[in-house]
Amino acid sequence: MVQTATQVLDWLGIVVFALTGALVASRKEMDVVGFAVLATVTGIGGGTVRDVLLDVPVFWVREPAYLITCVVVALVAFFTAHVPQSRYRYLLWLDAVGLALFAVAGTEKAMETGVGATVAMAMGVITATFGGIIRDLLGGEVPVILSREIYASAALAGAAAFVALGAIGVPREAAIAAGFVVGLLIRAAALRYGWSLPRYRSRPGLPHDPRR
Amino acid sequence: MVQTATQVLDWLGIVVFALTGALVASRKEMDVVGFAVLATVTGIGGGTVRDVLLDVPVFWVREPAYLITCVVVALVAFFTAHVPQSRYRYLLWLDAVGLALFAVAGTEKAMETGVGATVAMAMGVITATFGGIIRDLLGGEVPVILSREIYASAALAGAAAFVALGAIGVPREAAIAAGFVVGLLIRAAALRYGWSLPRYRSRPGLPHDPRR
Amino acid sequence: MVQTATQVLDWLGIVVFALTGALVASRKEMDVVGFAVLATVTGIGGGTVRDVLLDVPVFWVREPAYLITCVVVALVAFFTAHVPQSRYRYLLWLDAVGLALFAVAGTEKAMETGVGATVAMAMGVITATFGGIIRDLLGGEVPVILSREIYASAALAGAAAFVALGAIGVPREAAIAAGFVVGLLIRAAALRYGWSLPRYRSRPGLPHDPRR
């Protein structure tokens, strides 16, 4: 089932993203099926969009273990999600780990299909962010991707580090690990220290007008 | 055009889901094009997602009759939607019929492409629920899939009944009919008697904190 | 890179839609990565949905210039979006140009794959509207497609004019230009004079009940 380093990242990413979906379900006090649905769409959503765009077979359609894993994660969370002291903080940190994992795994899978580095990095960012986007749309949360702290940029940095190291001849496993660490450190620093990029500001001195 | 029992289910499902889309359009007092758009995306949305995931040709791309049917349903509804005494109740019951129809039809189409039972049932649930999800997102309604009464579980039960009966040798048409009845009865009972599954509850004794 | 009249329309449509995405980002005071993400999904979203439904390779996956163009548009907007006096008005007019461009380009690309006229026009409407739908969902705006003025109908009229003129033997470039002008004039008139189609009205004399 697991044959490559990318698949290991994929499995880990699916488990942690499924867990974030289940945590959103617990915040909305859903029933167990709601847990399973949110955990599954979050766990497999990003990779599904990537595979459809690349026009390769969707990874979980021939391999039921992915779906079953998401449902098991949902069941475990349904009975234990009351344990952590702060579910929202857990959600953000797990989401950060999944983001860094999928940024590298998505980029690598795209490169294996022969697309160029720019598109491959875009696929990494898509894989890393779309599961969370679907989770937040369905669960009625404010999308994490619109958060004020660095988010998609961390995925992009991880993907770029992986591509750059591979291009200069670093062995694949080392490039994968480095890309993951870069993405996670940047997002973790954003969460821990509130790092953010400069934001667009309207012209000073103009009266506020929400329709402009 | 209609060659198999699944296609009969598909057509019926498309008509009733298109009607739910038109009812949402009437609740929002849209114009006739709004009716046509919401009816069409609701009628064909679930099957479209299923076909894209299975990587088979999308069913309505080579057969314009599906689109035309949705538009005709929208036109009829535009001029008659004021007739029923309670549009929202009609919407929920039609949605229940479409849910049960598509749960079985989606599962069968997936099995015909050779995927396993777990994935096929997931495809049934996706076919049954995604049209309504898109309808509710575009129409600004609270997604029915997040309703407190049993919903996705009814689709799953219908799909599972169809798969189980087929596996023990029940003829296909009988298994299809039974799966439809199981799904519809469960969702109907949920609507009629307020059936729901136990919901996740936060730890008692802790103060309410929306960010947890 | 650009070989056909459709590709010229595609490029122009991508640039103006990317700009509308960046304008939404500026209204939400996002950072530069938020600008790039919203510009890109808006610029390429409609054509991506079209290509996935038609089961042809997604147009930007083998051609990074599309992604790079969207990012450049986002960068330019990030540093100049404070210049226009009324960003929302610019957004609506650019959206109108993109709508008319993509309605024709989407219809033509669909016809090139051999689908019939009905489905091809539906693909034109999908190409013209889905980028804006994704932009408004992600950016938290009220979807323009639900606006009270004529919108999807303008795309449909442009697509229909293109198909009808082609069917009676008008040269392709002339039919493309005419379809674009028809779509743009109708949407422009709707914006300028508040044109709208008759809307569905609940039965008079009944008390207002939001659940009906």
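Placement of Cβ uses the backbone N, Cα and C atoms for every residue, glycine included.
TrEMBL lists C:8-81, C:92-165 with the feature domain 'Glycine transporter'. Residues or ranges marked as transmembrane segment in TrEMBL: C:6-25, C:32-53, C:65-83, C:90-107, C:119-138, C:150-168, C:174-195.
Of the ranges C:6-25, C:65-83, C:119-138, C:174-195, the one with the most Cβ pairs under 8 Å to the transmembrane segment (C:32-53) is C:119-138. Look at the domain 'Glycine transporter' (C:92-165): DSSP puts its residues at 61 helix, 0 strand, 13 coil. Confidence for the domain 'Glycine transporter' (C:92-165), expressed as mean pLDDT, is 90.
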